[in-house]
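Reviewing the structure listed below.
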C-alpha cells in the first residue's frame, strides 16, 4: 500500500521530468505527453520485456498510464511554477530513483533471475526511462555524460544491497526500505556536493 | 483480404518514407534498407513484443520483410521521381497511418488488453516506426516537434473510436473502416491546412 | 567449447569498442560501462526478445555480463594503449562480427524462424549492439553512413550462407565455421581496401 503510493509518486515525478524536458526543447503537446510517458514507463517496460512479465505492468494497470498523463497535463499548464520548484522536483526524482531501483531489483529476483542480473535490471528500471527521454529529445543521455551529479551509482548501490540481502535471513521489507532511503540520501548529497563520476584514467590524472 | 492488401500498401509507403529519409541524409544503400525496414516494421514489432505475440508478425510472414525490401530497392533507383511525387507519398502515408492505428488497436484488444492500453498501442503501431526512423537518422522525431502538421492526434482519435466501440454492439468491420477513413481524412486536412498541436501554455498565450 | 571461447572474445571486443567510443566522447565511467554493455549485449538481447528466448541469454549466463564489465574496466585504465592497438581491435571486432552473425542466424533457425527472418536476426545480432552504442552516444550509426567500410554486408553474406545451407545435408559445424571465417576475411579486406556501399543511384552516376 505504502509502496503503491510511493510508486505512483515516482511515476508522477519521472513523468514531470520528461514533460519539462519537452517544454525546454520547445516540443508541442504531443511531445510533452510522449516524453512524460516514456520517462515514467520506459525503464519498467524494458525490465518486464526482459524478465518475461508480458504484457508489462505498465499495460495491465491503468494507473500506470493515467498518472503520467495527469503529470503531462499539469506540467503543460504550470511549468513556469515547476521551474521555480526545480529543486523540489529533483528531491521527488531522487525518491523515485530509490524506489524504482529497489522494486525493479525485487521484481527481477522474484522472476528467478540471478543477483547480478537483478542488480542490472534494478538500475535499468530506475534510469532506463531517463535514457529513452534523452535519446528521443536528442540530448546526450545525462546517464553517460561527465560532470553530471551521480545518479546511476546510488541506484547501483541500492540494487546491490537488495540483491545481496536476498540470500540472507534479513527481513526483506526492512532491507528494501533502508536501501530506498539510502539511495535517496546518497543522491541528494551527490547533488548538493556536485559529486561526479571519474572520466577515464590517464597517467597525468587528467 | 482487402485489409491485407491495404496493410501491404501501408508497409510499402512507410518503408518508402524511411528510404527517402536515408537518401536525404546521404546514407548508403545499407542505411536505405535499414531505415526502410525500421520505419515499416518498427511500430508493429514494439506492439507485438508488448502484447506478447512473439515472434512478432513481422517475423512470421515473409511478406512483411519482402515488401519493405522492394520499397527500398525501388526508392534507391527512382527517388528523384518520388520527390516530385512527395504529396502522393504523403497521401499513401496517411492511408497507412489510418490503417495501422486501427489494426494495431484491434490486435491489442484481441490480446485482452484494456481500452486505454489498446489505444496507446494503436498509436504506437502507427507512429513507432517513424520515431525509430528519426532517432536512427539523428533527426528530432517529427512526432514531438512543434509546427509539424498533426500526425499522432488523428491516429489517437481513430484508435479511441475503435476501442470505444469495442464494448458496444456496433459491427466492428464497419467501425474499423470508418475509423481508418476518418484518420485518413483528418490527417489530409491537417496537412492541407497546416494544423499544428499547441506548445505548452503560458499566461501571455505565447 | 571453441564456440564459447570465441563468443566470449567477441563480447570482450565489442565491449571494448563501446568503451573506447565512450572515452572518445569524454563520457564518465558510468558512460564507459553503459556503452560497453550495450555494444556487447544489445544485438543478442534484441534477437532473443524477438525469437522469444526470454529472459535473453545475456541475463541467464553471468559470463555475458562479467566479460563486458571486465572489458570496460581494462579499457578505463589502458585506453591510450588500445588506441595504438586500433587495428588489432578492429581485427578482433571482425572476428566477433563473423561469429555473432553465424550464431545469431543458427539460434533463430533453432527457434523455428524462416530463412529470411533468421538472416535478418543474424545481422541484427552482429550489428545491433553497435547501432545502440552509436544512438546512445549521439553519433550517426556507422551502419547507415556513407563512406564507412563494409560491415553489415559481410554479416549479411555469412548469415545467408548459413540459412541457405540449413535445408541441405551439409554438415552445419563445417558450414558455420566457413561462414564465420568468410565474414571475417570479407570484413578485413573491406577495411584494407576501403570498400564502401553505394549511395542512392542517380542518372549521372553521382
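Even glycines carry a Cβ here, placed using N, Cα and C.
Some features that TrEMBL has for this protein:
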| type | residues | note |
| --- | --- | --- |
| TRANSMEM | A:5-23 | transmembrane segment |
| DOMAIN | A:5-79 | domain 'Glycine transporter' |
| TRANSMEM | A:29-50 | transmembrane segment |
| TRANSMEM | A:62-79 | transmembrane segment |
| TRANSMEM | A:85-106 | transmembrane segment |
| DOMAIN | A:91-166 | domain 'Glycine transporter' |
| TRANSMEM | A:113-132 | transmembrane segment |
| TRANSMEM | A:170-190 | transmembrane segment |
Secondary structure tally of the domain 'Glycine transporter' (A:5-79) (DSSP, helix then strand then coil): 64 helix, 1 strand, 10 coil
Top Cβ-contact partner of the transmembrane segment (A:170-190) among A:5-23, A:29-50, A:85-106, A:113-132 (pairs under 8 Å): A:85-106
Beyond the flanks of the transmembrane segment (A:29-50) by at least 6 residues, Cβ under 8 Å: 11-12, 14-19, 21-23, 56-58, 64-65, 67-69, 71-72, 75-76, 100, 104, 107-108, 121, 124-133, 136-137
Contacting positions for the transmembrane segment (A:5-23) when only residues 6+ beyond its ends and CB under 8 Å are counted: 31-41, 63-64, 67-68, 70-72, 74-76, 79, 82-83, 89, 92-93, 95-96, 99-100, 103, 129-130, 133-134, 137, 139
Helix, strand and coil counts within the domain 'Glycine transporter' (A:91-166) (DSSP): 56 helix, 1 strand, 19 coil
